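Notes follow the structure.
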Amino acid sequence: MTNRYAVVLAAGQGTRMKSKLYKVLHPVCGKPMVQHVVDQLNTLELNELITVVGFGAEKVQHQLGEDSHYVIQEEQLGTGHAVLKAEDILADKEGTTVVVCGDTPLLTAETLQKLLDHHDEQNAQATILTAHADDPSGYGRVIRGGNAQVERIVEQKDASEEEKAIQEINTGTYCFDNQKLFEALQNVANDNAQGEYYLPDVIEILKNESDKISAYQTPDFSESLGVNDRVALSKAEKLMKQRINEQHMRNGVTIVDPDQTYIGPDVQINRDVVIEPGCIIEGNTIIEEDAVVGPHSSLTNCFVGKGTVIKQSVAADSHIGERVQVGPYAHIRPASSLGDEVKVGNFVEVKKASFGSGSKASHLSYIGDAEVGDGVNIGCGTITVNYDGHNKHLTTIQDDAFIGCNSNLVAPVTVGKGAYVAAGSTINEDVPAEALSIARARQTNKEGYAAKMKSNKKE
Ligand code: UD1
Ligand code: CA
C-alpha cells in the first residue's frame, strides 16, 4: 500500500477573527477547529501527520499534544510557504500527501477517504477537493480548460470578473504525489495580489509539467466551509450542531428541540435517552439508556447512568449512577460521585463528594469534601463546613446516618453508622455509631412572659 502523509496548515493568526485567540483554536461545538481536522485525519491510516504552527504555536501544540508532529513557520508568507516547512521531514518520501487547512472543521474522514480513492483511481499527481458554492466569494476558484480539465486555481483577490463568477471553489484540501509536491513548491512565486506563496499555484506548475491534475467535487458544500471570521464560525457551529444532533437521533436518542440542544462531538448517548430543550452536553460525557436530561441542563465530562433524571442542573467531571434524581437546580461540581438511586434535590451543591447508593440530600445543602455512605439522609439546609480559611477538611457520614435539618458538620468530622444528628446542631466532634448527637442551645420557655412585657409598656 502507498504511504500516506498529512499536512495541516495552522500557522496563521486569523486576523479576520479579530480575536486574542488564534483562529484554529476557536471552538466549534466545544472542540477547537484544528482538533476537529486532526481527529478526522487520524482515523485514516497515515504514516505521519504534521501540523504547521506559527502564531500561537505553543498553544496549538498544547491542544493537539501527541496527535501530531509539528513544524514551525515563523513568518506567515502563505500556504505554499507553510507546506514547504515540512520539507525536511517529507520531501524525499514516496507516497501521497493530503494537505488540509486547520480552519475547515466540518470536513469528514469519509470525504477525505473519497478524495484519496479518487486520487488513486485517476492515477493523478494532484487532486483538489472542490465544491459548488452558492456564494463563492472569498474562496479560490477552480479554472477548468478544454475537456473540463483543471488548469489552475485563482484566488478571489487575483480573479477577473469572469473568474469571480465561477462557483466551483477550492476547499483548501488536496492530495499530492509527495515528491512532486515538494519539487513544485520550489517554483512557487509570490507575484500576486497578496504577495504570498500560494499552495494552489502548485496545481498550475504541475499541469505545465504534464502531470495529471484531477478534482473530486464533494456534493456537500457545508463540509468545505472555511472559517475566516466569526460569521462563518457561527455557520460552522450551526452545521456541526445539526450534524451531531441528527446522528444521535438516528441512533435512537430523542432530542425534543434540536435547534436548542448543544452536544459536543465526543459525547456518547445511548438509546432511549431523552434530551429536553436548552441542554449543553460537552466533553467526554456518556449518557446511558433511558436517562432524561433537561430542560436547561449543562453536563461536562460526566457519566450518567441508566434511568437517571437530571432537571435544570449543572454537573461537571462527575460520575452519576443509575436511577439517580438530580435537581431541579442542583450543582454537581468536579470529582463527585453519586451512587445508584441517590437523590440530590433543589439548591443542593455537591463538590468532591461521594454518595453511596440510596442516599439523599433533597433540599438546600452544601456537601463538599465529603464521603457519604449508603442510605444516608441529609436534612434540608445541612452544610459541611469544609474550609478553615487555609485548608479543606473531610466530612465522613457513614451508612444509614440521619442528619437533621440545618446542621453544620465542622470538618474534619465523622458521623458514625446509623447515628442521628439533631436538627440545628453544629457538630465539631465525631458522633459514635448509633448515637444521637444534639449540639445546640437548650430551649427555655418562660410561661406568662408576654403579659409581663405588655404591662411594662409605657402609655
Ligand atoms: C485558502 C486558499 C483558497 C481556498 C480556501 C479554502 C490559498 C492561497 N488559498 O484561502 O484557495 O479556497 O483556503 O478555505 O491557499 N496558513 C499558514 N501559513 C500561512 C498562511 C496560512 O499556516 O502563511 C494556514 C492558516 O492558518 C489557515 C490555512 O492555512 O488555517 C488557510 O489560510 P487562509 O489565510 O485562511 O486562506 P484562505 O484565504 O481562506
Ligand atoms: Ca481560510
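Every residue, even glycine, has its Cβ placed from backbone N, Cα and C.
Remember, it's a predicted structure, so these values are computed and weren't measured experimentally.
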Next on the checklist: With Asn386, Tyr387, Arg440 listed by TrEMBL as acetyl-CoA-binding, which of these, Ala401, Ala419, Ala423, is given for the same site?
Outcome noted: Ala423
Checklist entry - Where else in the chain does the region 'Linker' (231-251) make close Cβ contacts, counting only residues six or more beyond its ends and a cut-off under 8 Å? => result 17, 26, 28-29, 33, 36, 105-106, 222, 225, 258, 261-265, 267, 269, 271, 275
Next on the checklist: Running a distance check here. Ligand 2 versus the binding-site residues Asn228, Asn386, Tyr387: which have CB less than 6 Å from one of its atoms?
Outcome noted: Asn228
Checklist entry - Hey, what's the Cβ neighbour count for Asn228 (Mg(2+) binding site) at 10 Å? => result 17
Checklist outcome for this item: In three-state DSSP terms, Arg440 (acetyl-CoA binding site) is classed as coil
Checklist entry - So which of Asp103, Asn386, Tyr387, Ala423, listed as binding-site residues, have a Cβ under 6 Å from an atom of ligand 1? => result Asp103
Checklist entry - In the predicted model, what is the mean pLDDT computed over the region 'Linker' (231-251)? => result 98
Checklist entry - Among all the protein chains here, how many other CB atoms are within 10 A of the CB of Tyr387 (acetyl-CoA binding site)? => result 12
